[in-house]
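Residues or ranges marked as transmembrane segment in TrEMBL: 44-63, 69-88, 100-121, 127-150, 171-191, 203-222, 283-301, 313-333, 340-358, 594-613, 625-646.
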Amino acid sequence: MGKRKELKLEIHESGKASKSQKLCGTNYPVCISFIVVNEFCERFSYYGMKAVLTLYFINYLHWDQNLSTAVYHAFSSLCYFTPILGALIADSWLGKFKTIVYLSVVYVLGHVVKSVGAIPSVGDSTIHIALSMMGLILIAFGTGGIKPCVAAFGGDQFDEEHMNERRKFFSIFYMSINAGSLLSTVITPILRGNVQCFGGDCYALAFGVPAILMVIALVVFISGSGMYKKSPPEGNVLLDVCRCLGLAIKNRWMSSKYDSKRKHWLDWAEEKYPKRLIHEIKMVLRVLVLFIPLPMFWALFDQQGSRWTLQATRMNMAFVSSFFPVFCSSSFFQMLNALLILMFVPIFDVVVYPLIGLPLKKMAVGMIFAALAFGAATLVEVNVMKTVVEPAPRGQCLLQVYNLADSDVKLSIPGSNLFSQPIKSYEVNWAGEFYPSFTLLQTFTEQKAYSLVLHSKTWGIVCQLVMNTLQRFKYCSNRFINTRSEAVNVTMAGVDFYIPADYGISPNKTVERNEYTSVRCTSGSQDFSINLGLLDSGASYTVILKGVSRPTANNVHIAWQIPQYALMTAGEVMFSIPGIEFSYSQAPANMKSLLQAGWLLTVAFGNVIVLIVAEGAGLDQWMEFLLFAGLLVAVCIIFSIMAYFYTYVDPGELDKLFPDKTVNEDEDDLKKDQTDDTLYLNSIEKSTNM
């Protein structure tokens, strides 16, 4: 038997040595470089697409904010439900390598379909919506399906004696995720806003570049095919767990009072399943119960890409100084999260983590940070609302009155007391929202904004009703009212405005944010200039030749969002990394993937919470932010109580508790002995032939 074992060992080692190539004289396999580059490109692809997704819904598909938020979080939720499907396919059917390759092809197709849907000349709005939704569904199945496979496949490439290198690989892998996220949230908003195509912002290019990166990710991953260790599918432990749970529930339900009692309801499955498996399931269930409050954290965290992005579009988006004009993009501000993660992780690892101790305590602190972030977002939102006029809701419209007459005017609308006080001469009055079922010179249309211009004639007061444009994002909207007796031509930033005489009103036109200190005006034979000052991003201006009205300027600087992003990132570092550590350390060896899938599901359910609140609550935005902050504080208290009563376990102790082998282990040993016998005989035959 001694010689037989030596022959087996020699053959195994020679086979392994021929496949395992090392990187630059280290113990790192060469093939992990392909996996790390693949992950970098894939994360660039995913986060780059997601960085402009909410603005695409609003600007291109013309959806309102609530629908855009709902679809955004429905997509995010689907991306975290599909890992279960990917794990099932990899473990029980195709194996990790083929699952990654095949679902990456689905991923690429999703990006291509999404990019085509962003081309204006391809069909009408219905076609654009259909292609966009089809593309997002394919992307969700692609990214979610490969999510549980790539990191595990990278870990499979290391030999057991190189555990330290394997741990460092996961750190490198995590850094590649954040590096891809950081670069993508910088580049794709630039492609959207600074590159013009098809007569507007180039969403087709912004989605097309992530598609190219995903193609590169797939090509790079396949290039290392000959170097990978490819473990065959071993059967899915999730299926065994579900069957064991089903049998226990069935037996417990069908039991009578005469049956012997069980200490735990899972013990009713002992007739078919080994005690070790049942004990492992008990360990997993205790952790999954702790996961129940966790989706609330992700409900707040993932609003960085929806509600916070929309908040930024209603703020002054010129960041730092005129030397950084690219920071005028609201979606570009999302790169702060990835940048701050790269800064916070080493600091927290060295300073903060040792002070707090156990992972569950760190997670509770992370929840508090996230709640504080939404408290900061609430304060910002309250101040934004003071300077920005929101679009009217369904069934209502907005009315703004300019009194350019020589005297005060008393305006009354039948059935309404909006204008209870006289409007003074050359005063602008926002009436706010009213129900447009009455006629004032003409009928008002719901969800529209109007200006009523009043001016004097010899026979009395004349009323002119014009429709307003509540412009958002990086441009400002401008129009002119000419009180002069001659027509005026105005040129600013290469845009020409023609304003007829005698209170003529020019159409609304947009120009870029800038200081307009010398705007050229021509009236008949006269040339003169006017100083309009700063025309800000997202504002709507009405310029009267006797003055300038600025009713909807964005005066709150986007830099006020920095505290909420910093607090949320601190919460993520305190919550997410210790959460992954806790899930891994408390899981039995054969159920670690199961708990990781459970962890990802908390993200999915967090997005479902946002969907419910966004569609059903009907609250003002600041109240919604405050509601989320309060809910997370309440959840944090509940979670802290649950964590206090949780007893940490060491899965390695299972071997001491259950030293006896199960039936399945005995069958595996029998097959292994048969394989060893065959290998031994083959070795003897070779030595004999020699």
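Yeah, the Cβs are placed from backbone N, Cα and C, and that goes for glycine too.
Automatic prediction, not curation, is the source of TrEMBL annotations.
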Look at every Cβ pair spanning the transmembrane segment (44-63) and the transmembrane segment (594-613), keep those 6 or more apart in sequence, and say whether at least 3 of them are under 8 Å.
no
Examine the transmembrane segment (594-613) against the transmembrane segment (69-88) and state whether at least 3 Cβ pairs sit under 8 A, considering only residue pairs 6 or more apart.
yes
State, in range form, which of 127-150, 203-222, 283-301, 625-646 has the highest count of Cβ pairs under 8 Å to the transmembrane segment (69-88).
127-150
